[in-house]
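> The structure follows.
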Amino acid sequence: MDVTVKAPNNNICAAISLPASKSISNRVAILNALSPAPQPLYNLSDSDDTAVMLDALRTDCETVDLRAAGTAMRFLTAYFASRPGRRTLTGTDRMRNRPIRVLVDALRTLGAKIDYLEKEGYPPLRITGRDLNGGEVTLDGGVSSQYVSALLMIAPATMRGIRLHLTGALISEPYLRLTIALMRQFGVAVEEEGQTFTVRPQTVRPIPFTVEADWSAASYWYEIAALSQTPVEIELIGLLPDSLQGDSAIASLFRSFGVQTDFTSEGRVRLTRRAVSLPSRFDYDCVRIPDMAQTLAVTCAMLRIPFRLSGLQSLRIKETDRLKALQTELGKLGVVLTEHDGKILEWDGSRCEAQPKPVIATYDDHRMAMAFAPVALCREEGIRIANPEVVSKSYPRFWDDLQTAGFQITP
């Protein structure tokens, strides 16, 4: 089913309870499971990805279908490799084409027994879990930070601990920092020396934990505030000013687009518009926050701001090839993007003839749906979004929250 999204008839004034952070939820689920006496976890994400993670940790079934949950596939590959028992991890067609060789090779170095059941280097995997020796591992810093996080989180449960060396520039470093910060909250000592991380054998301390709201989800409300052609006052509930999440950088980035962020005494974030001169060009290296690329690209395109987004090399292996998807879907709106070296998207202002009635394809990618929905604010006829249900991967209430803010959502 497709939906048409139309802009509110009045000024946007709404209070939105954001979903809990999926990134934090998935990490604390693993750390809690590794502790000797798991404690209650509060305000966990209600996303599909976290539900898949929790179900996998609870089930006794040998075959576990992780569907499209890439984080779960990586974290659970390491987790089950370090726990006694046999598991087969599988997923969607897209999941079976997302590479995992780097992580599997690293785990084998530590003593894991993992076999590929179909294509070498890709899920599905058969994992025969056992006590891992641990030891030294060297990875290119340009690999997915989820590989690094997966290894660090199981390190306390190995017999010798893990000494992990990262070479070259790190991508998505805030996610690595998030993992280390959470490990320390669970009582795990992580030693750092440059790009070498050492975690010795130790007990993961069981603690109750409450998950903060998701800054990634907040980014779409920043986009709405930036694109709205009428006054806005949006209150976002549950965000922390000193958040562990790298995507909190969106607050400072959107100042360039006239969005003012104020943290209230009630623990809310208030978004308003202020008069600013929009930049003549927007250049940003997204290597630390690659999940914000779609939000930034669509915002700039709709505000007619030429842009250059770099550091996007990880977007090829996300839920879809996000570089190609952005080129295709913004092309339907008359925006001609250029890709360079598989890691840069650029728009110099070039345009083509827009489709008269575009339908934005979402490619089973939640962020495509949510990044393009605010385009409704720039088109009198609104925007049509295909397969809107994909938002359940991270923000199941997204369409309901848009309606709360006055948007019209119709089949």
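Cβ from N, Cα, C; glycine included.
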> Please pick, from LYS113, LYS318, LYS324, the residue that TrEMBL records in the 3-phosphoshikimate site together with LYS22, SER23, ARG27, SER144, SER145, GLN146, SER172, ASP291.
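Site partner of LYS22, SER23, ARG27, SER144, SER145, GLN146, SER172, ASP291 for 3-phosphoshikimate, according to TrEMBL: LYS318.
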> Looking only at the domain 'Enolpyruvate transferase' (9-59), how are its residues distributed among DSSP helix, strand and coil?
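Final tally across the stretch: 24 helix, 9 strand, 18 coil.
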> Which of ARG27, ARG98, LYS393 has the fewest nearby Cβ atoms, counting only those within 10 Å, among these binding-site residues?
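Sparsest of the binding-site residues ARG27, ARG98, LYS393 by Cβ contacts within 10 Å: ARG98.
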> Average pLDDT across the domain 'Enolpyruvate transferase' (9-59)?
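That stretch averages a pLDDT of 98.
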> Measuring Cα to Cα, how many angstrom lie between ASP291 (active site, proton acceptor) and ARG367 (phosphoenolpyruvate binding site)?
8
> I need the nearest neighbour of LYS22 (3-phosphoshikimate binding site) among the binding-site residues ARG98, GLN146, ARG322, LYS393, using C-alpha distances.
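Nearest in space to LYS22 (3-phosphoshikimate binding site), counting only the binding-site residues, is LYS393.
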> Cα of LYS393 (phosphoenolpyruvate binding site) to Cα of LYS318 (3-phosphoshikimate binding site): how many Å, rounded?
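Here the two Cα atoms are 13 Å apart.
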